[in-house]
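Worksheet: the structure to be examined is printed underneath.
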Amino acid sequence: MLKICCIGAGYVGGPTMAIVAYKCPDIQVAVVDISSSRIAAWNSSSLPVFEPGLDDIVMSCRGRNLFFSTDVEKHVADADIIFVSVNTPTKRQGLGAGKAADLTYWESAARLIADVSTSDKIVVEKSTVPVKTAEAIERILTHNSNGVRFQILSNPEFLAEGTAINDLLHPDRVLIGGRSTPEGQAAVNTLVSVYAHWVPADRIISMGLWSAEISKLAANAFLAQRISSINAMSALCEATSADVTQVAYAVGKDSRVGHRFLNASVGYGGSCFQKDILNLVYICECNGLTEVANYWKQVVQLNDYQKSRFVKRIVSSMFNTVAQKKMAILGFAFKKDTGDTRETPAIDVCQGLLRDNAHLSIYDPQVTEEQIRHDLDMDNPDETHGRSKQINIVSDVYEATEGAHGVCIMTEWDEFKTLDYERIFKHMQHPSFIFDGRNVIDADRLRKIGFIVYSIGKPLDPWLRDLPAVPPS
């Protein structure tokens, strides 16, 4: 029986390996992690990752051919194929700080693999890594091999949180990059045979190692670019009384463009876009491609601008101050159907409002109070005590909005479309403001109730039309 081990039981490793086990009953799959609490959660009835459909998949395979363990060395030593799905955050200090990927966890994984392996292995890059990472990993493994032979493959993930299970079951494509040597191609064919259990042959694409590594960065950069592009248009639409939804529909009908990723919002978030583009910028700079680096840097700058613009619009609309005012924050995850808050625009918006001394009442159906407080305090440890008095995390959306001066919709949870807004309006301070950062509400209907509504990229409410978009200094 072919044995697969995945190092890293996070958002990518856990769901990916669950699908492999589900679709390949003849393969033994082990997911390992040094975090005992995370492994315990994977072995419980309350999984550490929220994805629609994931629970059923895990429960059907766990204990049969899918195992979660902290015994990293044992499962790595036993495996034929080792997926490495560890975190590759942006470096916080040192050379390349703020841009380059931190490969500390990857290097540790490679050294562990070399130390415990007594048989030949195929090592698969599943984490998003900089181009030429495979070459560095090869050097570590080769110099510590003890006669064991390793083949390095790149198999980047293309999952969208909230739809990860469907993405894994019905992928647009599966990329597998390997060396052009006979041994490299044999390793590629082995991994192809795993995916061939459920993925059509024409969707499994083999290519060179470097092409596969850069394809992931390129894909995320292109998607983020589309979001920044439509968000740039949203600012122009507001200034000219155009409707960004109509503009996006017209542009998306062009078959050369398509409709996906053209929804204006307060900004993109998630674990990949920001760090992958910054990594791409760093790689371009290292290769002397200054103009190319500046081009991609602008995508990130536009995203930051959109979040800042949203906060400024809120403050400007509410008499140039939100000090001591209660602001209801609806949604904290970076998108619906996930509990992930990494790089969520809600963090920047909340921090912006807190700096103006607002009082926040935050509701999200999936994000824990512990996670929200961690996210809002992590970058400002000296302000933790003061901020805790300004933040209230609640489990009921109507509690969040009761007595509020304004409501900010930060995540496009379906439930926000069908709330009893007449009830909300009745129990808010008046005038009552709604700032829709995801364009999920019917602004005209809410205006008839009595709300002053701001929707990104939409014609401005008469109340807002004559106010400056940016409050005076």
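Every residue, even glycine, has its Cβ placed from backbone N, Cα and C.
Going by TrEMBL, these are the annotated features:
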{"type": "ACT_SITE", "residues": "CYS272", "note": "active site, nucleophile"}
{"type": "BINDING", "residues": "8-13, ASP33, ARG38, 86-90, 127-128, GLU161, 272-275, ARG342", "note": "NAD(+) binding site"}
{"type": "DOMAIN", "residues": "328-443", "note": "domain 'UDP-glucose/GDP-mannose dehydrogenase C-terminal'"}
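Feature map: TrEMBL annotations on the structure.
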residue	record	contacts (Cβ under 8 Å, 6+ apart)
GLY8	NAD(+) binding site	VAL31, ASP33, PHE83, VAL84, SER85, VAL86, ASN87, ALA109, LYS126, SER127
TYR11	NAD(+) binding site	VAL49, LEU159, GLU161, ALA164, SER271, ASP340
THR90	NAD(+) binding site	GLY98, LYS99, ALA100, ALA101, ASP102, GLN274, LYS275, LEU278, ASN279
- DSSP says what for the domain 'UDP-glucose/GDP-mannose dehydrogenase C-terminal' (328-443): how many helix, strand, coil residues? 44 helix, 19 strand, 53 coil
- Least surrounded, by Cβ count within 10 Å, of the recorded positions ASP33, ASN87, GLU161, CYS272, GLN274 is ASN87
- Message: Can you give me the average pLDDT across the domain 'UDP-glucose/GDP-mannose dehydrogenase C-terminal' (328-443), rounded to a whole number?
- Response: 92
